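If you check TrEMBL, you get these features:
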COMPBIAS  172-185  compositional bias 'Polar residues'
COMPBIAS  571-592  compositional bias 'Low complexity'
DOMAIN    190-264  domain 'U-box'
REGION    161-189  region 'Disordered'
REGION    569-592  region 'Disordered'
REPEAT    329-371  repeat 'ARM'
REPEAT    370-412  repeat 'ARM'
REPEAT    452-494  repeat 'ARM'
Amino acid sequence: MRMIYGMDALLLTDELFSLYLQVLEREQIMHKFHEVTARLEQALSKISHENLDILEEVKEQVELVLAQFRRAKGRVDVPDVELYEDLLSLYNKSNDAAADPEVLRRLAEKLQLVGIAELMQESLALHEMVSASGGDPGAIFEKMSNLLKEIKDFVQTENPNLDAPAREKNLPPSSSGAQTTTVGNHKTPVIPDDFRCPISLELMKDPVIVSTGQVYERSCIEKWLEQGHRTCPKTQQTLSNPALTPNYVLRSLIAQWCEANGMEPPKRPSSSQPSKTKFACSPAELTMIQILLCKLSSSNPEDQRTAAGEIRLLAKRNADNRVALAEAGAIPLLVKILSTPDSRTQEHAVTALLNLSICEDNKGSIVSSGAVPGIVQVLKKGSMEARENAAATLFSLSVVDENKVAIGASGAIPPLVTLLSEGTQRGKKDAATALFNLCIYQGNKGKTVRAGVIPTLMRLLTEPGGGMVDEALAILAILASHPEAKSAIAAAKAMPVLVDFIGNGLPRNKENAAAVLVHLCAGDQQHLADAEELGVMGHLVDLAQNGTDRGKRKAAQLLQRLSRFVEQQKRSQSQAEAQAEQSLSQSRAQQP
């Protein structure tokens, strides 16, 4: 973006109009921005966010923003005086006077108006502003037009091959820092590794983020998931959910890199749905789906079981099947047979809904069809595999925020806690991921604590093998900000276990254990004393130096509180000793 002031000061629009206003009114604009900064800092300072029932991460963000505003109050960025003076000189010169070429060169470089694309963009913006003014451009628009024309004439003179998008001759080179490979006489830029899809190794057009944090080209990762994989291709970690989050920042960076290197920016598919021309269901497949739905709606239990099993497999196979099944009306029919007494049919139905929920558009259809009560019933009474898949379905649906509220209100949390306690290893993990996601909504935290999750989590933390430690600590960390959870954790005598994990756990477990301890020790002198007696200080010092970023923040918070507590204890002890000595002296003085 073009600017007159430093990076931390005024970031203004790309149009020359804003630059002219800066030239004419820069002092007033600076004053207004500093005034707004001061007001925001003052407003945030008055909010007692420490006393609000909000997540610890939110409090940290508020504190960070407040600290940034306070730093901004005491800092005034140095304006780009040369740019200011160059614009002012052109603004004040008469129309028939010749402009200084060096001034035009500096403006072209600093305003990044050195190629046909940039000049065309400014011309179009100027045209739109004139149109918006009702066709009466006025003096300032005329001067802007003259300035743009002079810069364009200068750039054309300096760069005869203006159509080339890269900066040439006496103008600055591309700032992309891209390497190039030479093919014949043509240099081809080397695509940065971060811009390549790890699966196809091609430049990404529509980058998306999976639950492990890795980024892939949408079409590639969708094919991977359609083949039934549940792991991240790059890290081989199990994907906690199938959601694909668009990475708009990376997409923008890729487009900028392409433009800077004279390449056509990749065109993203017009829809996030897979290409129907490549993967669309054939007429025969659509006919088969209709036949299966007829069987599903029949009164014959055997037909229902067979149809539900085949729909389950179809929905797992690929995204087009999931779309076609939903459009054909499979979801309401599957919801209806969730209550069937046949356990195998019930298992097929809930698993088919799980596979259909992978499609984002289907999540809303499943919930609106009244599926949640039926899924909860399967979670309570179904076979173990059906209960596991019911938990996984609730997790998949809870990715949508409003569904967290509906699922929490449906009575799903107690049977999830039961599955977490008594299920198979897979069942425990499905229940844990569902509970974690539901507890992101504050209103579900109290319900989860009252369902008895804290004793279950403590047992998982101490059971041999430790296969559920990661999940148990993550749930404790997200619950610990709730008053009921804090009391329950304290009642479960969790302090020694948490201190042990801070000292000896894996990095993420140390971080979550410290996060729980932060809440336990907030305003509680006894917990601070217990933690100090258990030797947590040394562990926290190590975590503050070598932990994850969040772990370092939590360790710093705890060290600060513990340091204050220790100092207070020392002062209290010194006062008590002084009073005792004074009493002894007075007693001796009164003796004959």
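Cβ atoms here come from the backbone N, Cα and C positions, even for glycine.
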For the repeat 'ARM' (329-371), residues assigned helix / strand / coil by DSSP: 34 helix, 0 strand, 9 coil
Integer mean pLDDT for the repeat 'ARM' (452-494): 92
The region 'Disordered' (569-592), counted residue by residue under DSSP: helix, strand, coil: 22 helix, 0 strand, 2 coil
